[in-house]
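First the structure, then my questions, so here it is.
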């Protein structure tokens with residue numbers, strides 16, 4: 001069952017009118033596009049690059065901290081035929097970055113191997129498994145992807161075993177270690193977020209940092225800033241990996257992330273890589289222009305599926321496959337794993353909702369902290385994200401295995417969940433992540449203490465409020481008749497959409513239902529409507545709104561907050577709306 005309905009406040013965002021008009025004139029934009037850009041932080045200075053999406057907007061790899069030392073050590077390893085071990089993370093970011101570097105090292109004739117920890121048995125980042133794999137392969141150089149900045153002890157142990165570690169990462173540096181100091185004693189640490197970094201853009205994902213290393217190494221091998229043609233071609237094609245990582249790690253799609261996503265989506269569509277082609281075919285998105293949404297909802301979950309259920313090896317293998325039959329077989333296996341993942345996720349979500357309803361009935365906590373034995377650790381992050389969306393407050397979901405638990409948290413704007421874990425007086429074991437998403441270890445006996453500590457911190461940060469008010473921010477009002485293919489072609493200039501460059505949220509007043517709405521989906525949780533104004537009729541999908549279907553009345557004025565999109569189904573592409581919320585009655589309530 002869905003949660004009890006929480007009222008959402010509609011708020012029409014205010015935009016700087018003078019700047020909107022100036023942008024519209026300067027770049028010959030419709031006023032709506034200029035308004036959307038202003039609301040997403042664009043200025044007269046940044047707008048040209050934002051609209052151009054040019055590859056010239058990528059920053060030189062040499063500007064990244066640790067890049068020179070990293071390239072020197074790896075170049076020497078390639079020349080001397082040392083064994084290089086790539087140590088990636090088990091999510092999309094780590095898997096794509098690992099695959100990118102493996103393909104580069106193979107192309108360069110290096111002796112390279114790879115290792116991805118098992119989520120269930122090894123946990124996140126470096127550990128004893130890392131040292132064991134290095135010894136097994138005889139590696140003398142290790143390269144991390146999407147982790148390592150906090151791996152003080154293991155990097156020291158690897159160094160003692162004769163392994164130099166090159167860290168590529170994008171996570172915030174940890175608090176200083178009592179023995180090793182501010183950072184692990186690695187051969188190099190390539191991370192745009194290091195203290196003192198002057199790199200122009202901090203918000204890269206791990207796969208993008210790995211790409212920067214590949215670019216820097218290509219320049220060193222070429223002996224000049226002008227990369228030799230074969231390596232330049234490799235980097236161009238590798239943008240497909242970076243686009244997948246960038247979209248799926250939900251980093252802001254601005255600055256060079258926007259460039260990576262734009263050109264990477266083009267590279268993905270035209271890629272001859274058997275694994276990428278097989279994944280697109282399995283997802284049903286082959287042979288058409290691709291969007292960030294395609295990557296986030298179709299490609300990403302398939303790559304993530306094997307890592308969520310244990311080992312991410314299948315995901316790396318499909319991206320490294322060199323022949324079509326192998327790639328198709330592995331992509332089919334990932335498809336099956338993704339189906340299993342969805343089943344497990346549904347079961348855990350329903351159980352977590354039951355717990356959440358009980359907590360809400362007992363006291364309406366500002367943060368949902370939920371735990372149970374047997375909840376699969378590979379899906380707790382997805383479940384936390386769903387609960388955060390449904391209940392409008394942070395959620396920490398913990399899967400227990402006996403006395404030990406591993407959890408994943410998702411948050412809302414204004415509440416730094418990572419800081420909350422730091423301030424919980426040692427209740428959590430290992431933890432890490434970002435402001436809006438973090439993972440942790442916690443003992444079963446400490447669950448209540450963790451709940452109390454995080455809720456207390458949330459109340460203080462949220463100024464005593466029981467939970468953040470749910471607010472739906474509307475970018476602009478638009479006449480329903482103006483939602484047309486012409487509008488969509490104009491909005492294409494703002495693609496790719498994603499974090500910090502969100503899809504437009506528009507309000508159309510006083511439309512009507514063209515026919516009775518229908519409940520759709522396996523569990524009839526979604527509402528499909530046909531909405532009209534005069535002769536103009538469009539399909540609108542309201543996801544997870546089945547419990548509100550009775551509010552929709554034929555003939556009554558309907559005010560719809562929506563995002564327009566192209567939908568391709570069985571080879572036919574049509575304009576439709578994603579209905580984010582609706583009100584029925586004479587006048588919508590807007591603050």
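Here the Cβ of each residue, glycine as well, is placed from N, Cα and C on the backbone.
What you are looking at is a predicted structure, and each value in this text was computed from that prediction instead of being measured.
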From the ranges 327-354, 355-382, 383-410, pick the one that TrEMBL records as coiled coil.
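Checking TrEMBL against the ranges 327-354, 355-382, 383-410, the coiled coil one is 327-354.
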For the domain 'RecJ OB' (474-579), what's the mean pLDDT in this predicted model?
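Mean per-residue confidence for the domain 'RecJ OB' (474-579): 95 out of 100.
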Please work out the helix, strand and coil residue numbers for the domain 'DHHA1' (365-459) from the DSSP assignment.
34 helix, 30 strand, 31 coil
With DSSP, how much of the domain 'RecJ OB' (474-579) is helix, how much strand and how much coil, in residues?
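Its residues divide into 19 helix, 51 strand, 36 coil.
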